[in-house]
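Student: Quick one: this structure, given as structure tokens, is what I'll be asking you about.
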Amino acid sequence: MAVRLWVVALALAALFIVDREVPVSAEKQVFSRMPICEHMTESPDCSRIYDPVCGTDGVTYESECKLCLARIENKQDIQIVKDGEC
């Protein structure tokens, strides 16, 4: 009887191990970085140079500076997912 319980316990443990979700690839993982917004308290003006960044909110911002403005205005923790458009 003890052997049978041991086999059942091992089978259940194996099912739990096999059933774990494993990321398919590192590409699917999203890494973000904090924008540099310290200068925004001194002068909140952004240049008109188009240097887009993709925010964690899924919005493409014209520049990192514009993303900083959105962070301040909306009081949200928007970070940069990647340089370029979303």
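Keep in mind that glycine also has a Cβ here, set from the backbone N, Cα and C atoms.
Taken from Swiss-Prot, the feature signal peptide applies to 1-26. Here Swiss-Prot flags 31-86 as domain 'Kazal-like', drawing on sequence analysis. Marked as disulfide bond by Swiss-Prot: Cys37-Cys68, Cys46-Cys65, Cys54-Cys86.
Are these features on the surface or tucked inside, and what are their neighbours?
Tutor: Take the CB of Cys37 (disulfide bond) and look out to 10 A: across all protein chains shown you find 15 other CB atoms. Under DSSP, Cys37 (disulfide bond) is assigned to coil, being neither helix nor strand in the three-state scheme.
Counting only same-chain residues six or more apart in sequence, the Cβ atoms lying under 8 angstroms from the Cβ of Cys46 (disulfide bond) belong to Glu62, Ser63, Cys65, Lys66, Leu69. The DSSP secondary structure for Cys46 (disulfide bond) is coil.
Secondary structure from DSSP puts Cys54 (disulfide bond) in a beta strand. The Cβ of Cys54 (disulfide bond) lies under 8 Å from the Cβ of Thr60, Tyr61, Ile80, Val81, Lys82, Asp83, Gly84, Glu85, Cys86, each on the same chain and at least six residues away in sequence.
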Student: Please report the three-state DSSP label of Cys65 (disulfide bond).
Tutor: helix
Student: Among the disulfide-bonded residues Cys65, Cys68, Cys86, whose Cβ has the fewest other Cβ atoms within 10 Å?
Tutor: Cys86
